[in-house]
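Colleague: Taken from TrEMBL, the feature iminosuccinate binding site applies to 57, 75, 146, 147, 148, 163, 236, 237, 238, 253. What TrEMBL lists as [4Fe-4S] cluster binding site is 120, 210, 296.
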Ligand code: 13P
Ligand code: SF4
């Protein structure tokens with residue numbers, strides 16, 4: 001298979017949509033491309049007909065991320081874009097909590113999730129009843145929940161945060177509320193990683209974990225450094241703190257991409273979901289990406305045929321129980337107001 005990053009678009013002139021194939025040829029064999037290109041062309045037509053925009057998370061498969069996604073980014077960027085985007089329809093190429101967040105912030109738009117089963121182990125790990133019990137146990141302690149939660153859980157929370165702004169949010173809450181204890185839910189490892197940055201605040205955590213990031217170990221990082229001398233290690237803060245301690249940098253998916261753009265390390269490994277390296281590497285042919293691979297099965301549920309069907313049938317439209325929507329929106333908006 002040719003590597004698009006080393007080959008000009010003209011090398012693919014015999015194929016449909018050669019400029020797009022140039023972006024994914026490292027991942028998609030040429031014989032598969034005509035069928036994929038037919039879906040891409042149909043989705044582009046449907047986007048125009050429906051006045052739709054596709055928001056794509058950084059973990060989307062390369063053939064989604066590099067072709068039909070209009071705006072890509074981390075959870076925080078996608079939430080911010082959901083407020084601003086000028087369209088009647090948003091298709092969220094990501095997981096369900098991201099689509100719910102978009103719907104909370106753009107209640108008048110139709111928000112479609114191409115596969116309603118695209119969940120998240122963190123979102124599954126906590127219920128609204130758990131938060132109500134924690135509030136009884138820790139009266140007066142504010143609740144900051146990770147955006148990787150259901151709208152019903154967000155409705156029980158004071159603030160949301162993402163991996164991109166967690167430190168800023170807990171510092172803000174401690175200052176505004178005049179407290180030195182915060183419930184930070186449900187990602188235990190994110191809370192522990194943030195705790196290192198804010199020793200002055202006690203973060204009370206929950207036992208939720210990301211099924212993708214919890215599988216990385218400190219030994220994995222040591223082995224990578226030995227087998228790939230000089231490799232720069234970037235890790236997502238959903239990884240266990242012992243893993244983050246072995247890394248050179250930790251940050252959200254967008255922060256990792258920004259690090260690569262700014263620092264241009266010769267050799268790098270992203271300790272996170274594997275599509276991330278596939279997508280970031282497209283713009284960086286000069287960088288060697290070492291690729292240990294942990295796939296998120298939920299992100300992988302989103303495919304081009306499902307996006308096409310979603311736009312054809314206008315399903316699955318995300319609906320949020322009005323009894324929780326206003327309170328959930330308030331928690332997300334309080335987060336977005338922090339700059
Ligand atoms: P980011 O907000 O860093 O994109 O992370 C979202 C996510 O689900 C990571 O597993
Ligand atoms: Fe959830 Fe982890 Fe998948 Fe992100 S990578 S959507 S946190 S299961």
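Glycine is treated like the rest: Cβ placed from N, Cα and C.
TrEMBL: automatically predicted annotations, no manual curation.
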Colleague: Taking a cut-off of under 6 Å between Cβ and any atom of ligand 2, tell me which of the binding-site residues 57, 146, 236, 296 pass.
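Modeller: Only 296 meet the Cβ criterion.
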Colleague: State the Cα to Cα distance, in Å, between residue 148 (iminosuccinate binding site) and residue 120 ([4Fe-4S] cluster binding site), rounded to an integer.
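Modeller: Rounded to the nearest whole number, the Cα-Cα distance is 7 Å.
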Colleague: Just to be sure I understand the packing, how many Cβ atoms besides its own are within 10 Å of the Cβ of residue 296 ([4Fe-4S] cluster binding site)?
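Modeller: Result for residue 296 ([4Fe-4S] cluster binding site): 23 other Cβ atoms within 10 Å.
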Colleague: List the Cα distance (Å, whole number) between residue 120 ([4Fe-4S] cluster binding site) and residue 57 (iminosuccinate binding site).
Modeller: 14
Colleague: Within the same chain, and leaving aside 120, 210, 296, name every residue whose CB is within 8 angstroms of the centroid of the CB atoms belonging to the recorded [4Fe-4S] cluster site, in sequence order.
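Modeller: Leaving out the recorded residues gives 95, 121, 122, 148, 211, 212, 213, 238, 273, 298, 299.
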Colleague: Rounded to the nearest angstrom, how far is the Cα of residue 210 ([4Fe-4S] cluster binding site) from the Cα of residue 236 (iminosuccinate binding site)?
Modeller: 11
Colleague: Between residue 146 (iminosuccinate binding site) and residue 296 ([4Fe-4S] cluster binding site), what C-alpha distance do you get in Å?
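Modeller: Cα-Cα, rounded: 18 Å.
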Colleague: What kind of secondary structure is residue 210 ([4Fe-4S] cluster binding site) part of, going by DSSP in three states?
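Modeller: Looking at the DSSP assignment, residue 210 ([4Fe-4S] cluster binding site) belongs to neither helix nor strand, so coil.
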Colleague: Could you check what DSSP calls residue 57 (iminosuccinate binding site) once collapsed to helix, strand or coil?
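Modeller: Assignment for residue 57 (iminosuccinate binding site) reads strand.
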